[in-house]
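Take a look at the structure below.
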Amino acid sequence: MHTLTGFSLVSLLSFGYLSWDWAKPSFVADGPGEAGEQPSAAPPQPPHIIFILTDDQGYHDVGYHGSDIETPTLDRLAAKGVKLENYYIQPICTPSRSQLLTGRYQIHTGLQHSIIRPQQPNCLPLDQVTLPQKLQEAGYSTHMVGKWHLGFYRKECLPTRRGFDTFLGSLTGNVDYYTYDNCDGPGVCGFDLHEGENVAWGLSGQYSTMLYAQRASHILASHSPQRPLFLYVAFQAVHTPLQSPREYLYRYRTMGNVARRKYAAMVTCMDEAVRNITWALKRYGFYNNSVIIFSSDNGGQTFSGGSNWPLRGRKGTYWEGGVRGLGFVHSPLLKRKQRTSRALMHITDWYPTLVGLAGGTTSAADGLDGYDVWPAISEGRASPRTEILHNIDPLYNHAQHGSLEGGFGIWNTAVQAAIRVGEWKLLTGDPGYGDWIPPQTLATFPGSWWNLERMASVRQAVWLFNISADPYEREDLAGQRPDVVRTLLARLAEYNRTAIPVRYPAENPRAHPDFNGGAWGPWASDEEEEEEEGRARSFSRGRRKKKCKICKLRSFFRKLNTRLMSQRI
């Protein structure tokens, strides 16, 4: 029997990842698609859909992109499936998740600016039908495990009210991997692990990556393969704080940079969690009729161990390092496997693609910005997508050298925006930190980093690149091709005319966890008017006793440091 790297068989059994009969050679495979794979058969329809989303995993942080981080499961799944090498996501958490579940650009959900913060009376628009709701209509059982980060101020915003039959995970964007505490400012700390619509106090102490993989396996064990399943696993990994079980840290003990060492350990732990989920798919009879999709949610945070090398930029930016995603599809149902696809794709495309796979339908009335790209993925056909609106953020419009005049009277180039049309990519305003940063493998002083190349400060607000010829964004062609600049600025203006107002309300003190028994959760009543959202009101509800003041203080400064490094995120 093969050795299980990082997990002993006993630990896997104790955590519930394996049952004893999994230890038999007939069920333990070297990896997905290898020994132990079930024989091919005509699959029933519709397929089971397993969507795995990772958090802050950089473009370079997977083995098949030449990383120094071990990801054998992801490498094997991708090698036997279809690698998506022209696939785009959003630069930060909430926007990617909202576009995945609605199939709409940020300008069409009102979530153009930043993320949904824990104390904001904001959530995924309640009038929009989500992907899991469409799949429920098609007869699917829908389950979510992991990070939500799409708002929770009202109960109607919760995952179980937005299309998921079950939910286990966190509602906010950043929690401790063991205690599930999250601080959103000095003294504004609370517990954030929920099962359904209840606080899951009893699960505290379990490392989230292992807990979420265990729950995903349990869902598979208790579900009939005869009923179509949608399983959305949104790992917290590898977002900060950088925490990992000790056994994973040990294998990277020679890595000089402490942040990179911890980050690498977290990635490898997540890789093995994916392996356990894949085993469960085979063990319980789902695999032959399953489509497994793997995607990152945004670029890696280079100041916290991540790497997007050789792409330019990082998380929170509109350079390629912030928006080009890690992605692949693995499935016995693919007609052309073991290949790389360079068809243009975007995270909004999963909505119509998966609804189509499920036997459902979409129409122009749905207002989708995504396309059905299954023929491009499965058969290698051309993508129906020819352009991507990365975003228009009208609230971030203070680029010093931008102006309407600088945009030929077509577009105010002080506004942060980015668009891809064909092979051309245009950025305006302030795209964010734009250096090329190699993996941080060398030892550094705390809070510092090193660059192979550093861009000098430039006085401009418009950039143009031929991404097909220059994927690393080294040669700005804005001065040489004003005709293309004009065309793309006009396209931005066209998109902007369809945008709805930005929804970014002020934080509400009523959201404080102390008014909710010590946990983050819904605080607004269903009947409240929007103008009341943001008013400060005092509550007299009982407070949860603070168990560890120094822990909360450390958590706050850890989050504060991350925010400072992330610039606006």
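In case you wondered, yes, glycine gets a Cβ from its N, Cα and C as well.
Per Swiss-Prot, these features apply:
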ACT_SITE  CYS93  active site, nucleophile
ACT_SITE  HIS149  active site
BINDING   ASP55, ASP56, CYS93, ASP297, ASN298  Ca(2+) binding site
CARBOHYD  ASN276  N-linked glycosylation site
CARBOHYD  ASN288  N-linked glycosylation site
CARBOHYD  ASN466  N-linked glycosylation site
CARBOHYD  ASN496  N-linked glycosylation site
MOD_RES   CYS93  3-oxoalanine (Cys)
REGION    510-539  region 'Disordered'
SIGNAL    1-23  signal peptide
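The structure, with features from Swiss-Prot marked on it.
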residue	record	DSSP (3 states)
ASP55	Ca(2+) binding site	coil
CYS93	active site, nucleophile	helix
HIS149	active site	coil
ASN276	N-linked glycosylation site	helix
ASN288	N-linked glycosylation site	helix
ASP297	Ca(2+) binding site	coil
ASN466	N-linked glycosylation site	strand
ASN496	N-linked glycosylation site	helix
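With all protein chains in the displayed structure included, the most crowded Cβ environment within 10 Å among the recorded positions ASN276, ASN288, ASN298 is that of ASN298. Of all the Cβ atoms in the protein chains shown, 16 others lie within 10 Å of the Cβ of ASN496 (N-linked glycosylation site). When the recorded positions CYS93, HIS149, ASN276, ASN288, ASP297 are compared by Cα distance to ASN466 (N-linked glycosylation site), the shortest distance belongs to ASP297. Distances between the Cα of ASN298 (Ca(2+) binding site) and those of the recorded positions CYS93, HIS149, ASN276 are shortest for CYS93. Among the recorded positions ASP55, ASP56, ASP297, ASN496, the ones whose Cα is located within 10 Å of the Cα of the residue listed as 'active site, nucleophile' are ASP55, ASP56, ASP297. Using Cα positions, the member of the recorded positions HIS149, ASN276, ASN288, ASN496 nearest to ASP56 (Ca(2+) binding site) is identified as HIS149. For ASP297 (Ca(2+) binding site), other Cβ atoms within 10 Å of its Cβ number 28. Ranked by Cα separation from ASP297 (Ca(2+) binding site), the recorded positions HIS149, ASN276, ASN288, ASN496 are led by HIS149. Residues THR54, GLN57, ILE92, SER96, HIS239, SER296, LYS315 surround the recorded Ca(2+) site, their Cβ atoms falling within 8 Å of the Cβ centroid of ASP55, ASP56, CYS93, ASP297, ASN298, which are themselves excluded. In sequence order, CYS93, LYS147, ALA234, PHE235, GLN236, ALA237, VAL238, HIS239, SER296, ASP297 are the residues of the chain that are 6 or more apart from ASP55 (Ca(2+) binding site) and have a CB within less than 8 Å of its CB. The two recorded residues HIS149 (active site) and ASN496 (N-linked glycosylation site) have their Cα atoms spaced 25 Å from each other. Of the recorded residues, ASN288 (N-linked glycosylation site) and ASN276 (N-linked glycosylation site) place their C-alpha atoms 16 Å from one another. Reported as a whole number, the C-alpha separation between ASN276 (N-linked glycosylation site) and ASN496 (N-linked glycosylation site) equals 44 Å.
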